[in-house]
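Note sheet for the following structure.
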């Protein structure tokens, strides 16, 4: 019987790339996302090689999350790895210019959504025991502040601390917990953040070499497939051409 991974936000970016990476290794896949057409397309692609179960899901909906887990087919119930990938960034403008609804959406998705899924899947991960993993998608924004990050950065700081504290609670169960924290990566993420402004999204990556979704997927897979006695607590990764900025100074 092949190992089983559950990936949220599997319809694009890191989630889709992770689904392909785990499929390459023969894992069975539980894929969730809000866009049914994309889920269907990905399932059709990957089901040629591995077993795939899909569920249209908004992770913000606590009851829907629990229903998806409760209704998993018997062959998909013994989840070994959970990849909490679903998340988004909105409103790159300064905090004082942001629509409050955008802040609420980020909190509901990046924090509450991750908590909803984790809580629902924990019992089966604990039952699986040694070698089971939770991989949370964080961000360098959770560690390093920058203008326009406001609630997005704060939500990813939550992911980091939730990862660490969950790890403490799960000590002795065999379940590992990791925060994978990427820097600049070229995915649909930026297009969503800019409200669909393709020119602004393209400008961010112009004349540099960002991470690709496949780079991050490789790290997700790596942390989940290390020997059972090894836990990567946090894995921060940036493109070689990205580094930290100097402190901002306001001058007269």
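Using N, Cα and C of the backbone, Cβ positions are placed for all residues, glycine too.
As recorded in Swiss-Prot:
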- 152: active site, proton acceptor (ACT_SITE)
- 6-30: NADP(+) binding site (BINDING)
- 139: substrate binding site (BINDING)
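Where Swiss-Prot records a feature, it is marked here on the structure.
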residue: 6; record: NADP(+) binding site; DSSP class: strand
residue: 14; record: NADP(+) binding site; DSSP class: helix
residue: 22; record: NADP(+) binding site; DSSP class: helix
residue: 30; record: NADP(+) binding site; DSSP class: strand
residue: 139; record: substrate binding site; DSSP class: coil
residue: 152; record: active site, proton acceptor; DSSP class: helix
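Taking Cβ-Cβ distances under 8 Å and a sequence gap of 6 or more within the same chain, the neighbours of residue 30 (NADP(+) binding site) are 4, 5, 6, 7, 53, 54, 55, 72, 76, 79. Each of the binding-site residues 6, 10, 18 was scored by the other Cβ atoms within 10 Å of its Cβ; the lowest score goes to 6. The Cβ neighbour count for residue 22 (NADP(+) binding site), using a 10 Å radius over every protein chain in view, is 27.
Across the structure, residue 18 (NADP(+) binding site) and residue 139 (substrate binding site) are spaced 16 Å apart at their Cα atoms. Taking a C-beta cut-off of under 8 Å and a sequence gap of six or more, the residue listed as 'substrate binding site' has these contacts in its own chain: 152, 153, 156, 159, 181, 182, 183. Each of the recorded positions 14, 152 was scored by the number of other CB atoms within 10 A of its CB, and the lowest score belongs to 152.
Shown in sequence order, 2, 49, 50 are the residues of the chain, 6+ apart in sequence, with a C-beta less than 8 angstroms from the C-beta of residue 26 (NADP(+) binding site).
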